[in-house]
Amino acid sequence: RWIKFEEKVEDGGERWSAPHVPALPLHSLFQLRTCLQEGTMLLDLEAPTFKEIIDKVLSGQPEEAELQPELRERLAALLLRQPRHQPTKSLLRLLYELILSPCPGRHSAWSWLLHPNCPAAAPLSFQLRNRFKKKVPPGAEAAHVAVGEVEFLEKPFIAFIRLRQGVALGSLAEVALPSRFLFILLGPRAKVKAYHEVGRAMATLLMDELFQRVAQQAEHRGDLIAGMEAFLDELTVLPPRKWDPTARIPPPSCLPSPYRRTTVHPPDWQSHGNGGMTAAGDRAGLGYPCSRKELERTGRLFGGLLQDIRRKVPWYGSDFTDALHPQCLSAVLYIYLATVTNAITFGGMLGDATANMQGVLESFLGTAFAGSIFCLFSGQPLTILSSTGPVLVFERLLFSFSQDHSLDYLEFRLWIGLWVAFFGVVLVATEASHLVRYFTRFTEEGFCALISLIFIYDSLKKMLSLADAFPINWQYRLDNITSYSCICNLSSPGRQVRGWGGPKVSLHDPSLPPALSPQPPTAPARLSRTQCLGRGGHLLGTSCQYVPDVTLVSFLLFGGTFLSCTVLKHFRTSRYFPAGVRKLVSDFAVILAILTSCAIDAALGLETPKLLVPSELKPTNPARGWIIFPFGANPWWVCLVSTVPAILVTILIFMDQQITAIILNRREYKLQKGAGFHLDLLCVSLLMVITSATGLPWYVSATIISLAHMESLRKESTTSAPGEHPEFLGIREQRLTGLAVFILTGVSVFMAPILKHIPMPVLYGVFLHMGVAALNSIQLTDRVRLLLMPAKHQPDLAYLRHVPLRRVHLFTIIQLLCLALLWVLKSTVAAIIFPVMV
């Protein structure tokens, strides 16, 4: 059987083979051409049943080839015999048959009978039960090829039939499909091998999209012959003894479209896509990836913004209904945990940089508010807003400047935010986003690689810092356990409490009987380490610094979460379990990895660092309020001077926002609802006013989390032929997942008792997974690998066919040098000019 590739029933008739590319003897194609030239051909035949088709074929023989009545009857009886199909059975069905019918001879029960002259409009019971139906794309028709040797024929009987309308031919097909084409080749003995190969050649021809078009429109025999000649023109011949003809060629990862086969010269049309893209798409991607109508100038004030609004309004209703899918639930949980972790991380760093003028609570509330508003009104709601590294550097420098010059930091920041919002509106009015079309792959990949490396570096840095909070006990020796002890030396003379060493921080081991616990009469019973330090004492002894090996367990959780996320994400392409199970596991991969790691942590019971969120709605610094007033604390000229730093922040916001936007709106994501560069920039600019007036952090598009959001919403075809990879259909474009993520972030303050059970190393493992996944999604990573590969081991990539290797390496090296410069720049106080360098 063929859908796109050939499958064979293996010896013994028990199972279908793996799908493979059909390899045909060249001679069989020449024989097939002879059959089409000499055999009976009936085009646009009208017959409702298989019996009528056979009767008309046998009666339509030319006079010189007309069969004797006896031969016609025997031939009709032979062709009308019932077919025996090999059904596609589930694993449970196979086990059931194995238990009930272990004898191979009992498999004849799977031959279903239907008299062929019955019009089979309704599907038969065995056709309804056949699981193979799921693999057949909608709108498909069946074609039937019958070949074999017949002892009573002296010369071959050949017929090619095309019905005017597709007709259900009963049990002739293993699934209920209308049939339009039939090919019959029966002949005398001693040529059965040739008949079989001619039949395979005919089936392969009928599976070719271009020949299908010819066969459906052919008006006479010559049209079919011409279609077959065109097929022969595209053949690739493999020389004998240079390959094994019995080897089965696995299906390729992607196929050329029939349109490209008809428009491109044959030697150039092979698809050698990188990452699922065709060569033509790759070549197009080397240029300007977003030179589309979204970035065309109108020449009018706010012209681009009005076009964005007109483009997005018709989709607004579907932006909510399209989210009603289980995959969106997985995306919400995944991105929520990433967003919460990011808010805590940046909130903590902002608190350190600004003396808690902005802290974790402000980070939570700002993320929830700004993100929700952006998801409701933006042009690309799949974007996730977050604080970014350059913004953090600016906040640190601004706070230091304010302290040095006795200025009120939040008021100064308010004026900067107002000017940034004004400049942003001016950029929107003048359609400055038009400049985005000149961002090339070079810039995009450098920026994406930098942000990915920051995610990877920060997650590893956070894990390594655990060794400071939970030091590894390198000096611990099991043989010396009898000498370990710890003493609490209180400030009052003569008051000492001896505790026991061991695997607990407490000075007294509660597992010991009271008689063995030394408790001086002057000391309180069971004095803990915290109580001792709280009463002015200090610890003395060899076991006072002992803590459980939390660092090691944290690294195991960190690495285990990262590996689990990676493996489960790729489970979609695994060979195990049905496709539905693989897809479900892949969609919920990150959630499953987090739940598994949390369960392991809970079972071990060690005090690993946990996710701690604020539990009270009040400013982190009691000296500030929720509303920042523009006048009163600073001199009047501050509102004018703030334009200078505002220009830098405007460049920072514009570059950060638009580079992320252009990465998310690439053609390869197949977005259907269009982009909104001007509308996105307007939303970010207006949010600057509110966040500045309330003392909340500034927000801009977060590249890595937004890419992770997109990847978690990938749509693929549910029906694919055997051997065909599921087709990427695009992204599930909607507003509800982002909105739900930010609402959950806002109510996280009330979910502290639940969230405190999630270990931070688990979330750092998710961050590492996001960084590595984003890094692997760009072409730069592939080209860096090429630097380390000998030429003979390099993959057959499209750009290697069209660009000399030395120039590919030169391009990559320049890109790496620019990336290194950006990294060095980011790590210094000069990070404020980071966007300008980009």
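Backbone N, Cα and C define each Cβ position, glycine as well.
Please treat TrEMBL annotations as automatic predictions, because they have not gone through curation.
Annotated features, as they stand in TrEMBL:
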| type | residues | note |
| --- | --- | --- |
| DOMAIN | 1-90 | domain 'Band 3 cytoplasmic' |
| DOMAIN | 126-245 | domain 'Band 3 cytoplasmic' |
| DOMAIN | 300-838 | domain 'Bicarbonate transporter-like transmembrane' |
| TRANSMEM | 331-351 | transmembrane segment |
| TRANSMEM | 363-392 | transmembrane segment |
| TRANSMEM | 412-430 | transmembrane segment |
| TRANSMEM | 442-460 | transmembrane segment |
| TRANSMEM | 550-568 | transmembrane segment |
| TRANSMEM | 588-606 | transmembrane segment |
| TRANSMEM | 626-654 | transmembrane segment |
| TRANSMEM | 675-700 | transmembrane segment |
| TRANSMEM | 736-755 | transmembrane segment |
| TRANSMEM | 762-780 | transmembrane segment |
| TRANSMEM | 810-834 | transmembrane segment |
Beyond the flanks of the transmembrane segment (363-392) by 6 or more, those residues with Cβ under 8 Å of it: 308, 311-312, 319, 335, 339-340, 342-344, 346-347, 349-350, 353, 454, 613-614, 617, 649, 652, 656, 660-661, 664-665, 674-680, 683-684, 687, 690-691, 694, 696-702, 705-706, 709-710, 713, 731, 733-735, 738-739, 741-743, 745-746, 748-749, 826, 831-832, 834-835
Composition by DSSP (helix, strand, coil) of residues within the domain 'Band 3 cytoplasmic' (1-90): 37 helix, 12 strand, 41 coil
Recorded stretches the transmembrane segment (626-654) and the transmembrane segment (550-568) touching, at least 3 CB pairs under 8 Å: no
Long-range neighbours of the transmembrane segment (412-430), counting only residues six or more past its ends (CB under 8 A): 301-302, 304-305, 395, 398, 402, 628, 630, 634, 638-639, 642-643, 645-647, 649-650, 653-654, 678, 681-682, 684-686, 688-689, 691-693, 695, 698
Tertiary contacts of the transmembrane segment (588-606) (same chain, 6+ residues out, Cβ under 8 Å): 330, 333-334, 337, 548, 550, 553, 557, 560-561, 564-565, 568-569, 571, 712, 757-759, 762-763, 765-766, 769
Among 331-351, 550-568, 736-755, 762-780, stretch most in contact with the transmembrane segment (675-700) (C-beta, under 8 angstroms): 331-351
Cβ contacts the transmembrane segment (442-460)/the transmembrane segment (736-755), at least three under 8 Å, sequence gap 6 or more: no
Mean of the pLDDT scores, which run from 0 to 100, over the domain 'Band 3 cytoplasmic' (1-90): 82
